[in-house]
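Have a look at the structure below before the remarks.
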Amino acid sequence: MYIIIAGIGRVGYTLAKSLSEKGHDIVLIDIDKDICKKASAEIDALVINGDCTKIKTLEDAGIEDADMYIAVTGKEEVNLMSSLLAKSYGINKTIARISEIEYKDVFERLGVDVVVSPELIAANYIEKLIERPGILDLAIVGRGEAEILEFIIPEKAKVVNKKIKELGRPQDYLIIAIYDGDELKIPSGDTELKSGDRVLVLVKKDAADAIRKMFLEE
């Protein structure tokens, strides 16, 4: 995939490095010459020193051929303007970073496909872990309508030694994976839950607390 990333801060740098290592064609844009020089030496990407709100800069980056445009500079107005410019070239997907969550609806109404806030994501993640005692990790999916919970089944939990099909027909959750030691298994209805199993469950947001209790409480 051909991806243009505007802004070589912490988010842009990390994202570009990860995507380039996975074989994507990356173009980086930043207005700071020293930052561009450093990124050029460390990331397998075309690095352009320029203003991403200028048409010439975007065209130099090959905006006409890009599959995705990601604006993660530290300035929301720059991210919005450059994303809308990219959109005018018919690009398939634009992603823009914001810091103030109240701008999210505005960005989306104006045509930015995906609006993200690293600060808000981090805050939500910590809040969810606090709200879900016993959960090792979680991921918010489906535009916030669902979560993937990761937990270890306690020794005296009610589900220990039960087969998944014995838990009843799931309405609001799905067990998607179980770690038996270091081995990842995709479970079936006949899979037996054991004490110490590390389990990943996809669950509707509103049912997350009830499902957590079902698997963890004695």
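Placed from the backbone N, Cα and C atoms, the Cβ positions cover glycine too.
Computed from a predicted structure; not experimentally measured.
Now, the feature entries from Swiss-Prot:
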BINDING   Gly7, Ile8, Gly9, Arg10, Val11, Asp30, Asp51, Thr73, Gly74, Arg97  NAD(+) binding site
DOMAIN    1-116  domain 'RCK N-terminal'
DOMAIN    136-217  domain 'RCK C-terminal'
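Spatially close to Gly74 (NAD(+) binding site) yet at least six residues away along the chain are Gly7, Gly9, judged by Cβ distances under 8 angstroms. The binding-site residues Gly7, Gly9 differ in how many other CB atoms lie within 10 Å of their CB, and the one with the most is Gly7. Taking the Cβ of Val11 (NAD(+) binding site) as centre and 10 Å as the limit, one finds 17 other Cβ atoms among all the protein chains shown. For Asp51 (NAD(+) binding site), applying a Cβ distance below 8 Å and a minimum sequence separation of six or more within one chain yields Ile31, Thr57.
Pairwise Cα distances among Gly7, Ile8, Gly9, Arg10, Val11, Asp30, Asp51, Thr73, Gly74, Arg97, the recorded NAD(+)-binding residues, top out at 18 Å. In the three-state DSSP assignment, the secondary structure recorded for Val11 (NAD(+) binding site) is helix. Taken together, the residues in the domain 'RCK N-terminal' (1-116) have a mean pLDDT of 94 on the 0 to 100 scale.
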